[in-house]
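Structure, as structure tokens:
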């Protein structure tokens, strides 16, 4: 007979208020289900730490994406295609570096692709009107930092949500790009500039922008994982109020991260313009979807406080390989966006599911250890208790 306090689910097709309730599962089935869950959780605990990490799952997904690409096109595994694949990822890769820091700090920047487009337009406009290319690039980088400063001030000084602020500046900066350039385009940049965009390191097929990305990735990785500032960024994302009480300058650090994000987005705009030798207002339109997906799929917690750059790099490769493979198979950009959107959903659900499984497995392991210790203590105390009971019976007689 079941416990009266047990809450039973409603029968299929009936609401919770229906007098007819579905019968609960037999006790044997419930025990089997709990036993299977317990077995899987114990197996998860016994796995080495690196096998239980989100990065390991990302590596498996990357291998699956590579297998898919080799199946869809015989050209996929060629060295020249991998060079093109890497080159196509570079602007998103650069923006993902600073986006990682911002999301770990508990914020987000949706305006990065619009800053890229505005930077590309201003670079083309100023150069076509006589400004030396070096000065035009410097002006564009300052413009990107200014855009990031606007975002950062609105978030840290006005206390506005970064999602709302950067969604607004996404439209603002893209609109400014159209005001400056309209539907026109600037091209015919100097060969020395465009060679950096699509040229390769002499004697190799490694694109020059990839070298830039590796340098920045190492710098940001050291900053995040090996510096006091990096530890403060994690602390801010975990609990900003506790970070304030600990003496961390929360607002100043967030402001710095937004400025860095704008600066790197403008740098990505320079790379994009050099690679395509074209400055247009619609450059990098929609790139923010891929950048956010890369960061979240890389295991960065959308609420802040956790994440790593190695996971983001693996995620970057997965997105790049997937888009390249689908493109070689003549699959439309709309279908590619659907695939990226599905990965975005996975990127939010996946790490949370893995984290909860790990926590549940750890709790169960700790509970089983506690029960084992308790049983051992009980076994040692049994003879004394039995002797006491015997003496009590003899006394009563």
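If you go along the chain as it appears here, the first residue is 1 and each next one adds 1.
Backbone N, Cα and C atoms are what each Cβ position is placed from, and that goes for glycine too.
Note: TrEMBL annotation is automatic and uncurated.
Feature annotations, reproduced from TrEMBL:
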- 16-27: compositional bias 'Low complexity' (COMPBIAS)
- 369-381: compositional bias 'Low complexity' (COMPBIAS)
- 1-34: region 'Disordered' (REGION)
- 364-397: region 'Disordered' (REGION)
- 57-77: transmembrane segment (TRANSMEM)
- 97-127: transmembrane segment (TRANSMEM)
- 133-155: transmembrane segment (TRANSMEM)
- 162-181: transmembrane segment (TRANSMEM)
- 205-224: transmembrane segment (TRANSMEM)
- 253-272: transmembrane segment (TRANSMEM)
- 284-304: transmembrane segment (TRANSMEM)
Problem - Selection from 133-155, 205-224, 253-272, 284-304, the stretch that has most Cβ pairs under 8 A to the transmembrane segment (57-77) - result: 284-304
Exercise for the section: Flag the pair the transmembrane segment (284-304) / the transmembrane segment (97-127) as in contact if three or more Cβ pairs fall under 8 Å (sequence separation 6 or more). Expected result: yes
Problem - Residues from the same chain, set at least six apart from the ends of the transmembrane segment (97-127), whose C-beta lies under 8 A from its own - result: 91, 133, 135-137, 139-141, 143-144, 147-148, 151, 155, 162-163, 166-167, 169-174, 176-177, 180-181, 185-186, 189, 213, 216-217, 220, 223-224, 233-234, 236-237, 240, 253-254, 257-258, 260-262, 264-266, 268-270, 272-273, 278-288, 291-292, 294-296, 298, 300-307, 309, 312
Completion exercise
Outside the transmembrane segment (253-272), at least 6 residues beyond either end, the same-chain residues with a Cβ under 8 Å of its Cβ set are 90-92, 94-95, 97-99, 101-102, 105, 107, 109, 111-113, 115-120, 123, 137, 140-141, 143-149, 151-153, 155-156, 196-197, 209, 212, 216, 229, 232-233, 236, 283-284
Exercise for the section: For the transmembrane segment (162-181), find every same-chain residue at least 6 residues outside the stretch whose CB is under 8 Å from a CB in it, and list them. Expected result: 102, 107-111, 113-115, 117-118, 120-122, 124-125, 147, 150-151, 154-155, 279-281, 285, 288
